[in-house]
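So that you can see what the record holds, here are the features copied from Swiss-Prot:
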{"type": "BINDING", "residues": "R15, Y30, G31, L32, Y33, K34, K56, Y75", "note": "acyl-CoA binding site"}
{"type": "DOMAIN", "residues": "3-88", "note": "domain 'ACB'"}
Amino acid sequence: MALQADFDRAAEDVRKLKARPDDGELKELYGLYKQAIVGDINIACPGMLDLKGKAKWEAWNLKKGLSTEDATSAYISKAKELIEKYGI
């Protein structure tokens, strides 16, 4: 339960960052978040004209096979790294 509470707190805190992380950091965070919440990707890849949707899909797809616990822990670590880098 403590892991879930830490995850929820990290997800909340990362929304309060003073500066916007770069696209690579955001995609990494998104992929870990979706893997932690949903698990392996379960939607079709968006069309090639949906650049934002495709980038998000690819970020999530890269995390395929990662367990929920591992994705949750990795998300918390990445969020802490971004909080240290950008501040809240």
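Count begins at 1; order follows the chain as displayed.
The backbone N, Cα and C atoms fix where each Cβ goes, and this holds for glycine too.
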What is the number of other Cβ atoms found within 10 Å of the Cβ of Y75 (acyl-CoA binding site)?
26
Please compare the binding-site residues R15, K34, K56 by how many other CB atoms fall within 10 Å of each one's CB, and tell me which has the fewest.
R15
Per DSSP, what is the helix/strand/coil residue tally across the domain 'ACB' (3-88)?
57 helix, 0 strand, 29 coil
Suppose we draw a 10 Å sphere around the Cβ of Y33 (acyl-CoA binding site). How many other Cβ atoms does it contain, all chains included?
22
Which of Y30, G31, L32 has the fewest nearby Cβ atoms, counting only those within 10 Å, among these binding-site residues?
Y30
The record lists R15, Y30, G31, L32, Y33, K34, K56, Y75 as binding acyl-CoA. What's the largest Cα to Cα distance among them, in Å, rounded to a whole number?
17
